[in-house]
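Everything below concerns the one structure shown next.
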């Protein structure tokens, strides 16, 4: 076998292994296929995920090798759904042992309501929403925006209390009334978490365009 060919093959294999290691263990990006996290994350965003935020994963293992922390309340995580095994992006609102419920569409955690401040009305896909600033100093939920369809006559998930088990999380989409999240598929196990969203790499819009249109305002956009 040609020595030069052998050396080049080793370098190519090493490069491929390095890419697999980075994707599995450190950083990677995901395409967002829905509007369930609007207005923070929108359809067509490619988000950057820190896979070392909560533990260490290595290639070809379904669970983390080590877990060194759980997500904090308010962080946006990428995880594997406990029901259909699809990858989702949602915001953490409930930690282990928390008790959550909704009253008139407002989130309560351990009996304390989240502070909501409506700021504007927006229209998306022929539906009207209210953009709301949500925050709670009482239980450490940092300020962020959500969408509410409260004035559009939508129903709300108010018939249950959710008690978060040990090593589990309760997640919600920021598009609060149009999100498939813990209200439907249950609690997210810590071993199902891929990582923490740290920002938006870039975003494209395919709506009414033959070729995807680049959204310059979302290029390298930070999130909260």
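Cβ atoms here come from the backbone N, Cα and C positions, even for glycine.
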If TrEMBL is the reference, give me the range from 12-31, 32-51 marked as transmembrane segment.
12-31
Cα-Cα, whole number of Å: residue 36 (active site) versus residue 90 (active site)?
8
Since the record lists 36, 90 as active-site residues, which of them has the fewest other Cβ atoms within 10 Å of its Cβ?
36
Quick one: average pLDDT across the domain 'Peptidase S26' (12-200), no decimals.
85
